[in-house]
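The following features are taken from Swiss-Prot:
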- CYS90: active site, acyl-thioester intermediate (ACT_SITE)
- HIS347: active site, proton acceptor (ACT_SITE)
- CYS377: active site, proton acceptor (ACT_SITE)
Amino acid sequence: MKEAVIVSGARTPVGKAKKGSLATVRPDDLGAICVKETLKRAGGYEGNIDDLIIGCATPEAEQGLNMARNIGALAGLPYTVPAITVNRYCSSGLQSIAYAAEKIMLGAYDTAIAGGAESMSQVPMMGHVTRPNLALAEKAPEYYMSMGHTAEQVAKKYGVSREDQDAFAVRSHQNAAKALAEGKFKDEIVPVEVTVTEIGEDHKPMEKQFVFSQDEGVRPQTTADILSTLRPAFSVDGTVTAGNSSQTSDGAAAVMLMDREKADALGLAPLVKFRSFAVGGVPPEVMGIGPVEAIPRALKLAGLQLQDIGLFELNEAFASQAIQVIRELGIDEEKVNVNGGAIALGHPLGCTGTKLTLSLIHEMKRRNEQFGVVTMCIGGGMGAAGVFELC
């Protein structure tokens, strides 16, 4: 079987949804910026691309009409490069990488670009219009339970306290703030030139330009005392708050995958090798524990044990679920989200899987860690995990 390797990649900084720096920027434009930069970082690659695979959790409105195809056009790819938008909710950006890698491993592709794009400013998490199947809603309402309420269910079922959740959130912000101060994300980020329209002093519209180059959700001054003052967000007597939950965000990311032999022939140094990907199902009402099912499956496919993994990028949808995943699998917390997670850095849904993969790659290189895992829970009661090996 052929080897699938990642040879380049780039992501935008993550913006806060609604009022952040990317709120007015279309998600397909963000995706195109990342695709162009990914090609540039692959030595200005102009050869064959078998497919463009883009993950998106809410593929409608600005993210509809097979957004991946539009991203390819905006990025200047020839019309001969096909494209597909994939949706497995929060794992979409990792699913896109897996689809591309598995095609390469089978010999069906030799080169593909995978990624994810999401604007939670322009397309809300549940979409503009939600129409549940009434029969399913009556028979199994947990399939329509809000993500926040599932986080509360995890906290109650597994005894994850408010204090533990807040402490985990503080750690996320502290690690992210330290990483930002040390410039750890600079190599994975492509700055975005943003144009906004404002009303000038003469009361007429005027355009304003700025360059957005750094994740903007991190709050370095966050403390447990500050977080303890926040009210529960989903249940009157609950423990899940805005402070110990992931932020709604905007962003995009992309990576180029290649057959190892082709990369070597072109003189492109592989960053990591794709080892495996797995998904698993769990009760929808505790969807946050999804990685508990997915990680062991992915490790088995890769022929590895938990102790072989040096770094984990575990999406922090909510502190309650991230804590329970770590506890149940017995993961060393010092290996998890060493540069912060979604509570501090944001969670742009369909982009997240690719974003986390890029962050993992760069930290694996810095630490010379052989194996790393990207994992997340998925709305509806699932988990996903991908295993990567440093080249």
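Each residue, glycine too, has its Cβ placed from N, Cα and C.
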If you count Cβ atoms within 10 Å of the Cβ of HIS347 (active site, proton acceptor), leaving out that atom itself, what do you get?
30
Rounded distance in angstrom between the Cα atoms of HIS347 (active site, proton acceptor) and CYS377 (active site, proton acceptor):
12
DSSP on CYS90 (active site, acyl-thioester intermediate), three-state: which is it?
strand
Cα-Cα, whole number of Å: CYS377 (active site, proton acceptor) versus CYS90 (active site, acyl-thioester intermediate)?
7
Which same-chain residues, if any, lie at least 6 apart from CYS90 (active site, acyl-thioester intermediate) yet have Cβ under 8 Å of it:
ALA57, ASN315, ALA317, HIS347, LEU349, GLY350, THR352, GLY353, MET376, CYS377, ILE378, GLY379
Cβ neighbours of CYS377 (active site, proton acceptor) where a neighbour is any other Cβ within 10 Å:
35
